[in-house]
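Asks: What follows is a structure written as structure tokens; I'll ask about it next.
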Amino acid sequence: MDYVYGLELSDNATQDAALPTEHKLPPEELDTEFKKEFPPDPRIGSEMDDGARVWKVYRKEANAHDSALLDGWSSTLDILLIFAGLFSAVATAFVIESYQLLQPDNAAYTAAALYILVSATNHSTGITLPPPPDLQYASSLARWINGLWFTSILLSLIVALLSILVKQWIGEYRIRNLASARSPRDWARRHQVYSQALHAWPVAELVSLLPVMLHLSLFLFFAGVVAFLWTLDKAIGAWTISLGGLLAIFYLGCTLIPLWVPQCPTSTPLVHQIRKVVLSLVLIFFRACALLVSLFMRARDTVLSQLSTQLSTHNGQSPTLSATADSDSILPIALSPGSSVPDNPIAVRDRLNQKISRFLFQRSDNSMFQYTWDQRDQLESSALRWLIHGVSDSDAVAVGVQALGAIHPSSSLASQLRQCCQSGNEFTLHGALTRSSSWPSVAEAIRAQRSVACMATESKSWTWSSQVHDVCQSDTPASRGHCIGSRAPSARARIALREFKCPLRTFAWRSW
């Protein structure tokens, strides 16, 4: 007799009772091109696995984003290389003629020698000779002309060299991302490492600076042309100055107007860099003001405390320290112990060995894998945040939102994502549902509820559950969200959704 279950059961009955009841959800319809390309995950709770759909969607969107960014940089660099080559050839033709102004004048030396001979033989006649010719062979204007033109050529050559280097960097970045990985999740982590490095290092700033350097080279060459023509004919020089002034005004206007009018079509990457610099300077100014105010307040408090101490001493009362109202202990003032020598100090030799081991590890390829593993939560959080808030495709955003439900709510990854949601980057309910020609499936509604329950606070989780249930059952066009068709959900779907309207913590975290 089986006293564990309280009744005597046969072997078959015992086995049937011991087996848990398996509930299966209806299969999801692949009614859109997005779902056909990226089928839903077969099991609820596997949205964050190594081969989950979210990492495949991330790879596609990341490759599209990188292609748009890097192709734009490559086209800009190609134009700069062509223009720098043509400009250097034109400027070299002018320099060939202008550098002769820096060479000594042989005719002046010949005239000076004749003057000396005539002066030596002219003592008897007493005739006054004219002053000798000036042997200074380079005038200040000639130096200015050659200095401007040579600087212009050097700047154009520097732009060409840096453009070649940046194109090599772009090629290396693409090769790194095209390399195979063990799983889509590992590829997402590795791509996030390289993407963060690409934006952390001033590569974009350098690409934005190269056109400015080439523009500066052009204006320097133009200034040298004006100075050269001014020595030959002042009228032509004045006309050239007027044309150059109009060009400079137009250039400055097209560059600076987008700083005040962001929707201006003349915006360039340089404008974004200028805006960042201006905002950084303003931020530094306000921080300096805040520091000065804090120092002033601290000095004022010190002076007031000293005055109160002196007044108390003068009146015959000893100053006392009173605990504040918000102090948690009887003695809120604690004396910090002095610095002491550690019990087991590390020897210098051991420190050197640690440094050598660290450098040897950094030289190997395993350092990259170790870094991605150590920073996996931060990298995955950054990848998911970019997929949710930085991609325009609503289906890709919905996949990213649905994957949040597979994260354990007490993990560091969930904490980082929850902090991002609390800072004003919350996702909407309709953003968690993919576009479909019919109503959302039960599995998709469950994924949306789990994600909301994982990211929302305690007070919001019950409200989200009711909203998901109402959206999936309402017949109004405004509440259908991403649903394109007007077909009502089936009776089975209504029953399943009604069952899943139970407390969210019962079902949302059951898979964890």
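Every residue, even glycine, has its Cβ placed from backbone N, Cα and C.
Summarising the annotation, TrEMBL assigns domain 'DUF6535' to 55-231. Here TrEMBL flags 79-96, 108-127, 147-166, 206-230, 236-261, 277-297 as transmembrane segment.
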Asks: Quick one: find which recorded stretch in 79-96, 206-230, 277-297 has the most Cβ pairs under 8 Å with the transmembrane segment (147-166).
Replies: 206-230
Asks: What average pLDDT does the predicted model assign to the domain 'DUF6535' (55-231)?
Replies: 84
Asks: Do any residues, 6 or more residues outside the transmembrane segment (277-297), come within under 8 Å Cβ-to-Cβ of it, and if so which ones?
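Replies: Residues 259 contact the transmembrane segment (277-297) from elsewhere in the chain.
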